[in-house]
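A.B. asks: Attaching a single structure in structure tokens format; questions to follow.
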Amino acid sequence: MSVPDHVAIIMDGNGRWASRRGMPRAAGHRSGAQAVRAIVESAREQSVKTLTLFAFSSENWQRPKTEVRVLLDLFRRTIRREIDSMNESGVRLSFIGERAHFSEALRHEMAQAEMRTRDNAALNLVIAIDYGGRWDLVQAARRLACACRDNQLDPDEIDEHSLGARLALAEFPAPDLFIRTGGERRVSNFLLWDLAYSELYFSDELWPDFDGNSLACAIDWFGQRQRRFGRLPQAAATGL
Ligand code: FPP
């Protein structure tokens, strides 16, 4: 059965998980961070090569200031706490998104974590933070425009390849499997370009409840999909 090389996840439902238990939203996010740990481990065991997690969207700045602080503190503390064991288990960590709004200290820690783990190859863990699919397309368009202005590129040569090469996930193959927990069936400005041919899997489980077994179910479901990439079924099966 085929295993997706690249899995991308919208981890939704932390707030509802907490409120159902009469707990503050922050407690839901803390449980969500625990779930991240288990899913990273489980993805590695199930031979996923790249796991991209949506931790904080461009739009999440619009949440109350206290919640933004909780999320960013949790992100920073989780990275600090997990970096040694991730490094030991061969996880390469990288971040996609706009870093300019973060403190110098946080940017430094992110860069250090990337540098420390850059030679690891068991699993690529990509954290999307202050990320938006529209932001990604805009920054790629800006880079294309700069290349044209600097005479490195002819505007007539702009194509899917040259644009794709300037997107945040350019070095990784596109996600094969997209998962969203928490019951909503939408993409919410995640990897707009990269999800073009991903299989879309929606789970009603709230993120803190999503565990290795839930991931295995999603991977099983993926194994039963026939991916055609716009071709006829027969041609897709033979690769012709
Ligand atoms: C959505 O739940 C979740 C988020 C906005 C943040 C995801 C963050 C984590 C899981 C923790 C830290 C992550 C890392 C990578 C260390 P929600 O608050 O929108 O839930 P709701 O829809 O039930 O309100």
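Each residue, glycine too, has its Cβ placed from N, Cα and C.
Predicted automatically and left uncurated, TrEMBL annotations should be read as such.
Sharing the feature lines straight out of TrEMBL:
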type	residues	note
BINDING	Asp12, Glu199	Mg(2+) binding site
ACT_SITE	Asp12	active site
BINDING	13-17, Arg25, His29, 57-59, Trp61, Arg63, Arg180, 186-188	substrate binding site
ACT_SITE	Asn60	active site, proton acceptor
A.B. asks: May I ask for the distance between Trp17 (substrate binding site) and Glu199 (Mg(2+) binding site), taken between their Cα atoms and rounded to an integer number of Å?
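C.D. replies: Taking the Cα atoms only, Trp17 (substrate binding site) lies 26 Å from Glu199 (Mg(2+) binding site).
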A.B. asks: So how many other Cβ atoms are close to Glu199 (Mg(2+) binding site), meaning within 10 Å of its Cβ?
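C.D. replies: Other Cβ atoms found within 10 Å: 18.
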A.B. asks: With H, G and I counted as helix, E and B as strand and the rest as coil, say where DSSP puts Val187 (substrate binding site).
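C.D. replies: Coil, per DSSP.
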A.B. asks: Using only C-alpha positions, which one of Asp12, Asn60, Glu199 is spatially nearest His29 (substrate binding site)? These are the recorded positions in the record.
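C.D. replies: Closest recorded candidate to His29 (substrate binding site) by Cα: Asp12.
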A.B. asks: List the Cα distance (Å, whole number) between Glu199 (Mg(2+) binding site) and Arg180 (substrate binding site).
C.D. replies: 11
A.B. asks: For the binding-site residues listed here (Gly13, Gly15), which one has the lowest count of neighbouring CB atoms within 10 Å of its own CB?
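C.D. replies: So among Gly13, Gly15, the binding-site residues given, the one with the fewest Cβ atoms within 10 Å is Gly15.
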A.B. asks: Considering only the recorded positions Ser58, Asn60, Trp61, which residue has the minimal Cα-Cα separation from Asp12 (Mg(2+) binding site)?
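C.D. replies: Given the candidates Ser58, Asn60, Trp61, the nearest one is Asn60.
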A.B. asks: Look up Ser58 (substrate binding site) in the DSSP assignment and report helix, strand or coil.
C.D. replies: helix
A.B. asks: What is the total of other Cβ atoms whose distance to the Cβ of Asp12 (Mg(2+) binding site) is within 10 Å?
C.D. replies: 22
